[in-house]
Amino acid sequence: MSDTHSQTVSYVRETMLPQAEPPVSNRGAILWLRENLFSGWFNIVLTLVSLYVIYWALAHTLPWVVSGIWNAGSLSECREIRDATLGEGASAACWAVLVDRWQQLMFGFYPSELYWRPVLALVIFLAAIAPVLFAQVPRGALWFTAVSPFVMFWLLWGGSAWFPVAVALGFVLGWAAWRALAPMAGTLVAAIVSAALPIVYWFYTAGPLARELEQVVGIGIEYVPSQDFGGFMLSFIIGIAAIILSLPLGILLALGRQSDLFIINKVSVGFIEIIRGVPLIVWLFTASLLLNYFLPPGTNFDLMLRVIIMVTLFAAAYIAEVVRGGLAALPKGQYEGADSLGLSYWQSMRLIILPQALKISIPGIVNTFIGLFKDTTLVVFIGLFDPIGLSNAIRATTEWNGIYWELFVFIGLLFFICCFSMSRYSLYLEKKLQRGHK
Amino acid sequence: MTTTSEPPKAGFHPSQLIYDTRYRSLTIQVIAFIALMLGLSWLVSNTVANLQALGKDFDFGFLGQRAGYDINQRLVEYDSTSSHARAALVGILNTLLVAVLGCALATVIGVLAGVLRLSKNWLIAKLMAVYVEGFRNIPLLLWILLIFALMTEATPQPRDFREGGDAAMILGDTVAITNRGVFIPAPFWGAGAGILLAVLLLSLVAIFFWRRYAHRTQEQTGRILPIGWGTLGLLLVPVTVAFLALSLTSGRQVQPVLATGASEGMTLADYAGSQQAINACTVPFSTESLNLRRLMRANDLRFNLVPVADGAEAIAAAEAGRCNILSLPASTIAASVPAGAVALSDTITRGNPVEFERPILGGFNFEGGLQLRNSLIALWLALSLYTGAFIAENVRGGILSVSKGQTEAAFALGIKPSRTMRLVILPQALRVIIPPMISQYLNLTKNSSLAIAVGYMDVRSTLGGITINQTGKELEGMLLLGLFYLVTSLVISGAMNVYNSSVKLKER
């Protein structure tokens, strides 16, 4: 054994080698490519297939998009320009239809000299929603948020300013009744009275009051009927109104479904299951065909309002299920803890249960909102002019007869931007509300 | 530890209804119940008053009346003289058809996209992310219209498939994509199709027992039997053998072509020359009818097909003069040959148990084969792609929900990667994936009501559309329509609950 080591090594390096970069194949872009795209035969096949798919998709769409024609008065003019500049039968989009008709796609048949009103309403909406969405905005701004729906309503439809004021007065009335009665008569009586009083007021007093005030001091702007609403403005109005109204209703339904009270529980379950079991389109047809049967003879109210009501009820049932999931996910100890502190039902819900349950259900709620906003396109089937309805109308004109893809691309892109930003916001909110359980 | 508080001695006082928690819930419920009943009676009385004012009544008698409209796609027999109830049934079947097709394709797409989105391959993961976000954030209606426009505007016309045209059939000349729909080969059932089906069912039963036996063996002895290969073999071998045996024996049998008013030994071409028109009595989707048609096409004959249910009806029809040419199995005894009919010199074979007829370009359109209308294709593809994007997210979430330790533990036990996936990861992931997946199926079924956008005749278009317009029975029609969807939803979610409780973690 000793002769194994008898031969000494002729040379041993005494200095350290300078650090060298990894070989070219093991660093930088090449390493990344090797690890992520070409790490095995299956991966290579996948990469090649996806490269081909991307190439195929781009080769079919990119020339069409890039060489699009922006200045033309009609589809035939577009084709003439294309044949003259790009050669016969080349592939080129006719974006000119968007230049020509974008106002219609945005506002429908809203009078063009009044476009500032919906735009201003949108600005007000963005300002009003800011304190709700972002905690950095001062809390005092919430007052503005509370007032903004009435201002927006007035700006969009116009007419006498006293009408939204009279309606808002109902809420003030209910709030005043609650403050006055709650200490005296207890919460149950106060709740019933403060719910019933505004309803009676809206039915019998609000209308005449607004008319009287209008005659004394007339403040009004030009009235725009609902039939003139259209395009993305219509989608936004229906979507936003339904989102705002369906959240509280959905939370109430979820609480009802979790309730121990037999009748309230069964009514909530029945409502939720019936609404969710039937497609929205059937509900919309119900709103347009049947609602008149269910209301007192001679009543006839705005189709857009009916649609908002139906979409709200529909979304509320879905939100109720999402919130119920959040409620069920809370540990039982939270409920028992709230009870042991001696909190009343509403106090424990407001202070302990709902803040946690809603936090869990944020992704689901936002998903429901995204679905709701996309579903506003269904109103085209009952004769409202949403963007898709307007694209049909534009295609029916002589100038733009036969144009499809450009309009679809535009509408799809706008919906994508809205829905995608909503889903990003929900991710942001989830991260922000994370309380470090990871 | 005896009770420290005495039960209240005082009797019942009305204020307890509000302040005593024992009675307050009752009070609230009674008030809620009264409010509910008042609301309902208000609605019902309004409805009654409105119906009276319009001179309408509330009854479902209209379902028995003659519908009087045509439906272009029907899975059961229907014509415009059928009743409204029958039209509703056709619509229901069409809804279920597109729902089942859609669920199947959406599952395939969704599982693929969900798995690929988790792939280590950066490019394909991003590609799938684009697919999922694109479809989730753009309205389904837009996708349906877009795909429908693609199918009708960007596909060739049937005449482009002629010689010199710039379109060609795909998949070995079996499928033609045209702006009138997609034409695919149609299945025809020949003699022995029943035997083939029985063999298939038997091998399914055998597979069930084989898998049970293999599991038992493994549990008792630890020996692993080849479950996958056994299943595949049991599925394919008996059916293939039966198919070959049947097509080589009864399938090769020659049978005569019978014609009325012909002389013995006449050829088909001569017979056709002697007749004004050729009406062939055939059983739809039978190989005899397929081979008779092939024979007549080969002779360049123009002919009409008279559909009959079976051989006896064919003979009766031939004797009544409704058709003059037919082909019955050779084994048919001479007595049952229709009076005045003789065999021509041309013969046909009975054909295999199953044969496929390719679509062939006829005068202005494709003939033969199955026509899948553009409305069906657009609705089907759009629903599947849209729902597939949601299912992909469910699948991704389900796979991510299984912690990495499970895989590592399985590897530490020396289990192969494929068996790890099948025995460790999938059972746990499926528990998370299946419930939301079934609610996606539910959504797909309900979304199929968007068929209105492309004119697909689903239940909303028949019962909830044309029938309501024709009879003026909005209330009854919408009620039935809503009930149909409600029952479908409840059945699907009921099935989901049964499944859920069967895969739930068994807690002791």
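Heads up, the Cβ atoms here are built off N, Cα and C, so glycines get one too.
If you look up TrEMBL, you'll see A:232-426 marked as domain 'ABC transmembrane type-1'.
Residues annotated as transmembrane segment in TrEMBL: A:37-58 (among others).
The annotation transmembrane segment is assigned in TrEMBL to A:114-134 (among others).
Within the chain carrying the transmembrane segment (A:188-204), a Cβ under 8 angstroms from the stretch's Cβ atoms is held by residues 167, 169-171, 173-175, 177-178, 181-182, all 6 or more beyond its ends. Summarising the annotation, TrEMBL assigns transmembrane segment to A:188-204 (among others).
What TrEMBL lists as transmembrane segment is A:232-255 (among others). Remote same-chain residues near the transmembrane segment (A:232-255) are listed as 105-108, 110, 118, 122, 125, 149, 156, 268, 271-272, 304, 307-308, 311-313, 315-324, 327, 349, 354, 358, 365, 369, 372-373, 376-377, 379, 384-387, 414 (criterion: CB distance under 8 Å, separation of at least six residues from the stretch ends).
The annotation transmembrane segment is assigned in TrEMBL to A:267-291 (among others).
Sequence-distant contacts of the transmembrane segment (A:303-323), counting only residues of its own chain at least 6 positions beyond either end whose CB sits under 8 Å from a CB of the stretch, comprise 226, 229, 234, 237-238, 241-243, 245-247, 249-251, 253-254, 257, 268, 271-272, 275-276, 280, 283-284, 286-288, 291, 357-358, 361, 364-365, 367-369, 371-372, 375-376, 379, 382-384. TrEMBL lists A:303-323 (among others) with the feature transmembrane segment.
For A:360-383 (among others), the entry in TrEMBL reads transmembrane segment. Residues 234-235, 238-239, 242-243, 246-247, 280-281, 284-285, 287-288, 303, 307, 311, 314-315, 318-319, 322-323, 325-326, 329-330, 389, 392, 415, 418-419, 422-423, 425-426, 429-430, 433 of the same chain lie 6 or more positions beyond the ends of the transmembrane segment (A:360-383) yet place their CB under 8 Å from a CB of it.
Panel annotation: around the transmembrane segment (A:403-425), residues 64, 68, 75, 93-95, 97-98, 102, 105, 133, 232, 366-367, 369-370, 373-374, 377, 387-388, 391, 394-395 of the same chain, lying at least six beyond its termini, place a Cβ under 8 Å from a Cβ of the stretch. Feature annotation from TrEMBL assigns transmembrane segment to A:403-425 (among others).
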